[in-house]
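Among the features that TrEMBL reports, domain 'Nucleolar protein 10-like N-terminal' is placed at 1-364. The domain 'Nucleolar protein 10-like second' feature in TrEMBL is assigned to 369-417. The feature domain 'NUC153' is assigned by TrEMBL to 482-508. Marked as region 'Disordered' by TrEMBL: 526-589, 644-688. Under the heading compositional bias 'Basic and acidic residues', TrEMBL lists 553-584, 648-663. Look at TrEMBL and you will find 664-688 tagged as compositional bias 'Basic residues'.
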Amino acid sequence: MQVSSLNEVKIYSLSCGKSLPEWLSDRKKRALQKKDVDVRRRIELIQDFEMPTVCTTIKVSKDGQYILATGTYKPRVRCYDTYQLSLKFERCLDSEVVTFETLSDDYSKIVFLHNDRYIEFHSQSGFYYKTRIPKFGRDFSYHYPSCDLYFVGASSEVYRLNLEQGRYLNPLQTDAAENNVCDINSAHGLFATGTVEGRVECWDPRIRSRVGLLDCALSSVTADSEINSLPTISALKFNGALTMAVGTSTGQVLLYDLRSDQPLLVKDHQYGLPIKSIHFQDSLDLILSADSRIIKMWNKNSGKIFTSLEPEHDINDVCLYPNSGMLLTANETPKMGIYYIPVLGPAPRWCSFLDNLTEELEENPESTVYDDYKFVTKKDLENLGLTHLIGSPFLRASMHGFFMDIRLYHKVKLMVNPFAYEEYRKDKIRQKIEETRAQRVQLKKLPKVNKELALKLIEEEEEKQKSTWKKKVKSLPNILTDDRFKVMFENPDFQVDEESEEFRLLNPLVSKLSDKRKKKLRLLEQQEQREKEEEEEPEGKPSDAESSESSDDDKGWVEEVRKQRRLLQQEERGKRQAQLREDQQTVLKPQFYEIKAGEEFRSFKDSATKQKLMNKTLEDRLKLEAKNGTLSVSDTTVGSKQLTFTLKRSEQQKKQQEAEKLHRQERKALRRSAGHLRSRHKRGRPFH
């Protein structure tokens, strides 16, 4: 038995326990039950409560005495008597069951909807009658006042079969292309069907006309939900006269009041899987909604999660045992799930002993391998040298390997690796040594960067702690434990350079005051090195006694500062002399530069004048440019200054400008002479 807890709600899995291989004979199973305590103590609430391969649907009769389940393979229905805690009967069917319904209080009247369009009626003795509907069916509901069965499926019509008259009635014509689910309100008989377009159509069976239409697809889309396709209706359930819950194919559950077309609450499963079943728990105002992965229980007024249940295998159907805390599930596995949640209600009358057992249960997770057998692959057999046993009774083929007896496995492994015990012994000795080391005084772990600074901070912290013991002082954060300064002890770029000028001037007494700290640092490094080389530390080594040094002499501090300054001056002087000797030894050689094409060489005087001009102030440069005529300063109407610069032209531009000026003068002279000749010709004067 397995116990899980979520939100302080305990869930007991009664179908979980130690598994036995199916290929074991009954004789070996009985022998295991005698020898193995876990097998003997496992709880088998209902005997043979499983299907050969998969269970598709599960329901409880109205009187609560019988549990009916359908599954494969071959298609069959099994009925379990809860009073006898065993199988009542089993009937094989011609095709798989989509869903079924019990029309009586017990198992005497059952209707099955098959996946090949057939509807099969069973009585207490067995098969009774079979008929067929025009289209493939997906769900059906029974209307007790009129004895009508309403079938919905891959059609826009809702087929009606009257069981009193034994014939089909006129179908209900819906606006949908196909219908997925349906349900009938037991209070006033309202019939509702969910369509593939994401709508719910409500019909009145008395007048056979539609009385309401809900667009659930549009209401299911919220700001947090991600929708990749059009939501269709996958589950539908009434509760009382005015409440209806609708499940969509995208994983949302919408809670409606029939007097309004807007949902009261939208609950998202966050898995994007179709909702398969919805149940109401009235005592705690809970709604149980399930998809193929999880069963969620949440409050129908606030939507707050109460608890959730996530089985190991996919869920096909969920059934809540009436007036109790028991939950039955049909999964994609032979074993059907039985869960007991004491918060939801008491145990059923036929298993009232569960209330006493749940007080003593412990969490025992289900074993994924058989404890008496070892699973080995073909590679493991090659390593052990047991490939010749393949095909013998000592190995049972399963999946990608074999099962073998655990005792045989241990014997062979000991023969193949005789030194396994020595390795185990060394591991145990190593563990004991580590435990004794943990009991000794732990040394301070110093960082790799700025070890002396870290040691100084640790000592200051210890002194602060001693002072706080005597006098209550508000403690300040330590740099070593502050995340903002952790890079200073990790990145080598932040290493303090004790040879730098700033360090030696600002900290003149560091070398004198840090002797004690350096001695501690050397001791710690030696201790760490000794631990790496030896497994055990030699005993009897006393700690070094350290003498306290007084630091109240101010003259020593002044002399140290002067000494550091003299040393710095001597080092600077030595650097300058070395640089001067290097300059004297170097021989200057002429350097040649190539002028780019299109540029003219100018003397170095131009660069010298330009350098002098750049050294002058802005005012002097403006005055010089105003004298040369390249700058004009004028006042504007608003009282500000306006500067106009004239760019200097190069020699080539000046030559081109002079040529253009000469050309314009020649053209003017020619035009002047031509005008003079025309005027003489008009007056009749001859040309000379």
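Our numbering is plain: 1 for the first residue shown, then up by one each step along the chain.
Quick reminder: no glycine exception, Cβ is built from N, Cα and C everywhere.
Automatic, uncurated: that is what TrEMBL annotation is.
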Integer average pLDDT (0 to 100) for the domain 'Nucleolar protein 10-like second' (369-417): 82
Residues of the compositional bias 'Basic and acidic residues' (553-584) by DSSP state, where helix covers H, G and I: 31 helix, 0 strand, 1 coil
Helix, strand and coil totals (DSSP H, G, I; E, B; other) for the domain 'Nucleolar protein 10-like second' (369-417): 21 helix, 13 strand, 15 coil
